[in-house]
Amino acid sequence: MGSERSFAEVNTTMDSAEKRLNELGYKQELRREMTMFKTLAISFSTMTLFTGITPLYGSSLQYAGPATLVWGWVVVSFFTWFVGIAMAEICSSFPTTGSLYFWAAHLAGPKWGPFSSWCCAWLETIGLIAGIGTQAYAGSQTLQSIILLSTGTNKGGGYFAPKWLFLCMYIALTVIWAVLNTFALEVIALIDIVSIWWQVIGGLVIVIMLPLVALTTKSASFVFTHLELAPESTGISSKPYAAILSFLVSQYSLYGYDAAAHLTEETKGADKNGPIAILGSIGMISVFGWAYILALTFSIQDFGYLYDPNNETAGAFVPAQILYDAFHGRYHNSAGAIILLFVIWGSFFFGGLSITTSAARVVYALSRDKGVPFSHLWRQLHPKYKVPSNAVWLCAAICILLGLPILKVNVVFTAITSICTIGWVGGYAVPIFARLVMSERNFKPGPFYLGKARRPVCLVAFLWICYTCSVFLLPTLYPITWDTFNYAPVALGVGLGLIMLWWLLDARKWFKGPVRNIDIQNGKV
C-alpha cells in the first residue's frame, strides 16, 4: 500500500504526457526539456525545404510542364493534412518516443500487436536506410554541379564528375555521416541547431532573392496553366500518366513530420505539443515548399534549354541551371549560383547526418527485441562513446550497396527515393489502419481527439498512403530497358518477402513488440 501511495503522490505532480506514458507501461527515462518551439523546429528541419524538392524538381517538371508540378504540390499538401491529423490524434494518446513502432503495437491490440509492430518497424527501417541514400545521391549531384560551375561550366571546359567519381562522392558522404555518428555525438547536437537555421534562413534567401535576380520571370499563365509533355525524352505521351509522375516530387517531399513524435518523451506537455508540432511542421513546409517551387519556376529563363546536354550544367541538374541562368544573366558570373548551391548542399549534408542517426536508433531498438538477423551484433554499444556504432555502420553498408548501380543504371535516384518513400510513408499506414478498424472503447483519447471524424480522416489518410506507395513503383522512363528499369519493386519485393517469410516461419513465435518497463497496477517501476 505504501508503494502505491508513493506512486500516486508522485503522479499528481507529473507532466500530463508523463502520466500517460506511465499508464502505457513506460517510465520516464529521458529528460523532458524540449519546448513546443524546439520540437517544431526539429520536425521542420527533418522535412527540409531543399532535400525533397531540389533533386526531383527537374524530372517532375519535364514530365508535364510547370502546371502539374505547381498544382501537384497543392493537391499532395491537401491529402498530407489527413495523414498528419490522423497521426496527431494518435500521438496525443501515445506520447512515446518509439512512436510508430509503439503505436502500431498498442492500437492493434494483443492479438495483432506483435505483427503490426513487426511490419511497422521494418518498413521504418527500410525507409530510413534508403533515406540516407537519397541524401547521399542528391548531395553528390549538387556537389557535381558546384565543381562544374566552379571550374568553368560545361561550355567553358569545366570538370563534370564521371559516374565512378560520383559513386565515390556518394560513398564518401555516407562514410562521413557514419564516422560522425560513431565518434562525435556532441558535434551532431551542435550541427542539428545549425541545420534548423540553415534551412529557415537559406530557404528565405533563395525564395526571395532568386526571382529578384532573374532578368526576366515567366508569366503567371505559364507557371499555373502551361502543360508540356516531353515524350522524346521520357517516352511518356499519356497526359494522365505524365501528371501522376509529376506529382512524385511533392509526394517525396511531404513526409518526415513524424520526427515530432519521436521527441515526445523529451517534450513538455507532449500530449498537446506533439500534435501541434506535427501539424505545424506540415503547415510550414506546405507554404515554404510551394514558395520554393514557385521561385524556381518563375525564374526559368528558357524552358527547353534546361535539359540541353550542352548547356552550362550539362543538362544534369535543372535547379543548378536555373540558378546559373539567373545570376549569370544579371552579374555575368556564376558566383551567386555556386553560393546558393552550397546552401542547398549543406541541407543534404545535415539531412543525411540526421537520418543516419535515426536509422541507427531504429535498427538498434529492433535489435534489442531480436528483430534483426545477428541482433547480438547490432545492439552492441561503443565501449567509450555509448552509441550503437555497429548499427550505424550496418546502415551505412546497406546504403552503399543501394548506390552501387550508379555505375550502370540511370534511374538509381528514382529507385532509392521509391524505396525510401514506400518504407517511410508505408510505416505511417500501419498505426493509421489499426486506428481505423479498432473499437473506439479501447482507445483512450488525448487532448487532441477527432471523435466521430476519426474514421473518415483515417480512411482518406490510409488510402492516400496506399496510392503514394503504388505510384513510386511505376516505371518513370520508357521504353523499359536495363538502363531505365526502376529496380525498387524488385528490391522491395525481395526484402519484404524475406521479412514476411521470417515472420511466418519463426519470428511470430517469439517477437512480442515493445516491452514495458513499468508495472502501474503494482506501483513498481
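Count begins at 1; order follows the chain as displayed.
Including glycine, each Cβ sits where the backbone N, Cα and C put it.
As stated in TrEMBL, the feature transmembrane segment covers range 37-58 out of the listed 37-58, 125-146, 301-322. The transmembrane segment (70-91) shares the most Cβ pairs under 8 Å with 276-300, out of the stretches 164-184, 276-300, 457-478. Beyond the transmembrane segment (457-478), the same-chain residues lying 6 or more positions past its ends with a Cβ under 8 Å from any Cβ of the stretch are 59, 79-80, 82-83, 85-86, 234-236, 244-245, 247-248, 251, 410-411, 414, 417-418, 421-422, 425-426, 428-429, 432-433, 435-436, 450, 484-486, 488-489, 492. The recorded stretches the transmembrane segment (387-407) and the transmembrane segment (276-300) do not share 3+ CB pairs below 8 A when only pairs 6 or more apart in sequence are counted, and are therefore not in contact.
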